[in-house]
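Student: Okay, these came from Swiss-Prot:
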SIGNAL    1-21  signal peptide
DOMAIN    31-271  domain 'Peptidase S1'
DISULFID  Cys57-Cys73  disulfide bond
ACT_SITE  His72  active site, charge relay system
CARBOHYD  Asn79  N-linked glycosylation site
ACT_SITE  Asp122  active site, charge relay system
DISULFID  Cys155-Cys229  disulfide bond
DISULFID  Cys185-Cys208  disulfide bond
DISULFID  Cys219-Cys247  disulfide bond
ACT_SITE  Ser223  active site, charge relay system
CARBOHYD  Asn232  N-linked glycosylation site
CARBOHYD  Asn273  N-linked glycosylation site
LIPID     Ser275  GPI-anchor amidated serine
Amino acid sequence: MESWARCIFLLLLQILTGGRGDILHSGAGKIVGGQDAPEGRWPWQVSLRTEKEGHICGGSLIHEVWVLTAAHCFRRPLNSSFYHVKVGGLTLSLTEPHSTLVAVRNIFVYPTYLWEDASSGDIALLRLDTPLQPSQFSPVCLPQAQAPLTPGTVCWVTGWGATHERELASVLQELAVPLLDSEDCERMYHIGETSLSGKRVIQSDMLCAGFVEGQKDSCQGDSGGPLVCAINSSWIQVGITSWGIGCARPNKPGVYTRVPDYVDWIQRTLAENHSDAYGCRSRASGAYPALLLVLLAFALPESL
């Protein structure tokens, strides 16, 4: 029974990723086992950049002037003039057609973020200097505040993360990953890590996604990017790529900021800065997301 369920799980992942045979093989480095994202599939994905370093993090558009990303992407003292956001396109090239570079007006980091590795509150909002036109973007939907997230739900992570040679992906990568139970993730992170003995690693505002065997979903350069799930025919951002121990290591899945815990703060920040409520129009097309959720509810518990 266990092997049969696992076969179903692997087959579904191959269908969703275009039949790639390397979906569960670790070692490549970037979004491990991912594939090039089709044009227009993830229209909210942006690249956070500095003039000196180029691409440093991902992010997601939630409004015509607002980007959601990770707090650890920034350095203190905060200086918005150091940063720009590239909107549109699939590559990191600044000359790519249908893309634009927008200056950042303000940076809002969650007040309790500690500016240290694996800190809670790893979330930030960027206010763009110039509003985007409706033809330039499609915002991702945000979840309801404190919405529960079900382990086993298959979601998607995207980004231009680094390879093991520390090179960035030339084209935006996408990968389907299952959400993991937080207590299971906590136990995994303590395996082989004596320095973590007695310490709580996965905080209540974090969630894990990836593969127990070591097939990590994201790597350096993916930070700040979105983890989205197809829920009620819409793409909902449930996580922000935050941290992990290495890339593609067994028992060290990707850790994400749990977006439902911060929806109230996001709404309050937008309201305090005279922005109307965000609105999304990102429909999850195709039958695969719904099919995957139905079948994985049966197959995944025995396969992982």
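Keep in mind that glycine also has a Cβ here, set from the backbone N, Cα and C atoms.
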Student: By a simple count, how many Cβ atoms lie within 10 Å of the Cβ of Cys155 (disulfide bond), its own Cβ left out?
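Tutor: Around the Cβ of Cys155 (disulfide bond), 26 other Cβ atoms lie within 10 Å.
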Student: In the three-state scheme derived from DSSP, which category covers Cys229 (disulfide bond)?
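Tutor: SS state of Cys229 (disulfide bond) = strand.
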Student: Counting only other Cβ atoms and using a 10 Å cut-off, which of the disulfide-bonded residues Cys73, Cys219, Cys247 scores lowest?
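Tutor: Counting other Cβ atoms within 10 Å of each of the disulfide-bonded residues Cys73, Cys219, Cys247 gives the minimum at Cys73.
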Student: Ser223 (active site, charge relay system): which of the recorded positions Cys208, Cys247, Asn273 have a C-alpha within 10 angstroms of it?
Tutor: none
Student: Other than its own, how many Cβ atoms are within 10 Å of the Cβ belonging to Asn232 (N-linked glycosylation site)?
Tutor: 7
Student: Report the nearest neighbour of Cys229 (disulfide bond) in space among the recorded positions His72, Cys208, Cys247, Ser275, comparing Cα positions.
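Tutor: Comparing Cα positions, the candidate nearest Cys229 (disulfide bond) turns out to be Cys208.
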Student: Near Asn273 (N-linked glycosylation site), which residues of its own chain have a C-beta under 8 A away, given they sit six or more steps off in sequence?
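Tutor: Sequence-distant Cβ neighbours: Asn106, Arg127.
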Student: Would you mind listing, in sequence order, the residues at least six apart from Asp122 (active site, charge relay system) in the same chain with a Cβ closer than 8 Å to its Cβ?
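Tutor: Non-local contacts for Asp122 (active site, charge relay system): Ala70, Ala71, His72, Tyr110, Tyr113, Ile240, Ser242, Trp243, Thr257.
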Student: When you rank Cys57, Cys73, Cys155, Cys185, Cys247 by Cα distance to Asn232 (N-linked glycosylation site), which of the disulfide-bonded residues ends up on top as the closest?
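Tutor: Minimum Cα distance from Asn232 (N-linked glycosylation site) across Cys57, Cys73, Cys155, Cys185, Cys247 lands on Cys155.
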